[in-house]
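Residues or ranges marked as domain 'Cytochrome b561 bacterial/Ni-hydrogenase' by TrEMBL: 3-167. Residues or ranges marked as transmembrane segment in TrEMBL: 12-31, 43-61, 81-103, 135-158.
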Amino acid sequence: MKYDFWIRQAHKTLGFFIIMQFSFGMVAYYISLPGWLVDLHRSFGYVALILVIFLIVVRFIKPNVPYNPPLSILNYILAKIVHFGLYISVLGMSLTGIVASIFSAHERKIFYLIPLPQIPNHVELSKYIFSFHSFFAYMLAICFTLHLLAVVYHKVILRNSILSRMW
C-alpha cells in the first residue's frame, strides 16, 4: 500500500527543497551569496512552508499507510521522533526566516513578483529571530541525516519494502 500520488510528490519536492535551501543557506551564512540568490532562497522558503503545512494537514486527514513489514517498537518510536523533528524544523526554519526577513532591511518580494507588507525595519529584532533560524537549520540537518540513514538501513541492510510506501 502506498501514499497517494500528491503526498508522494510533496514529500519528494520538500526533500529537494531541503537539500537546495540548506546548501544555499550554509553558503550564504558562511561565505556569501549574490543578492539574487539570497532572494531566491527566501522565496523558496515560502514554498517549503506551504509544502510542509500541506503534509502536516494531510497527516491529520488521511489515514497513515501501515508499515510492511511492521516496525519494531523502537524503530516505530524513532521514526515518529525523526518525522516530528523534520516537521518542526522545517516549520520553524521557514517561519523564522520569513519573519526575520520581514523585519530586516531587505526588499520584501516573493520571486520578485509578490510584495510583502512594508513593516518598519527592526534590524536587532531581525538578528534575534534569525538566530533561531540557524538553530532550526542544524536541527533539520540532524533529522534529515537520520531520515536518510533510515532509508539506507531499510533499503541496503534490511532489504525490506518499507520504502515502497513513499516511492
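Here the Cβ of each residue, glycine as well, is placed from N, Cα and C on the backbone.
The list of residues near the transmembrane segment (135-158) in space but at least 6 beyond its ends in sequence, with Cβ under 8 angstroms from a Cβ of it, reads 18, 22, 25-26, 78-79, 82-83, 85-86, 88-90, 92-93, 96. Within its own chain, the transmembrane segment (43-61) is flanked in space by residues 7, 10-11, 13-14, 17-18, 20-21, 24, 87, 90-91, 93-95, 97-98, 110-112, which lie at least six positions past its ends and keep a Cβ under 8 Å from the stretch. The average per-residue pLDDT of the prediction over the domain 'Cytochrome b561 bacterial/Ni-hydrogenase' (3-167) is 89, rounded to a whole number.
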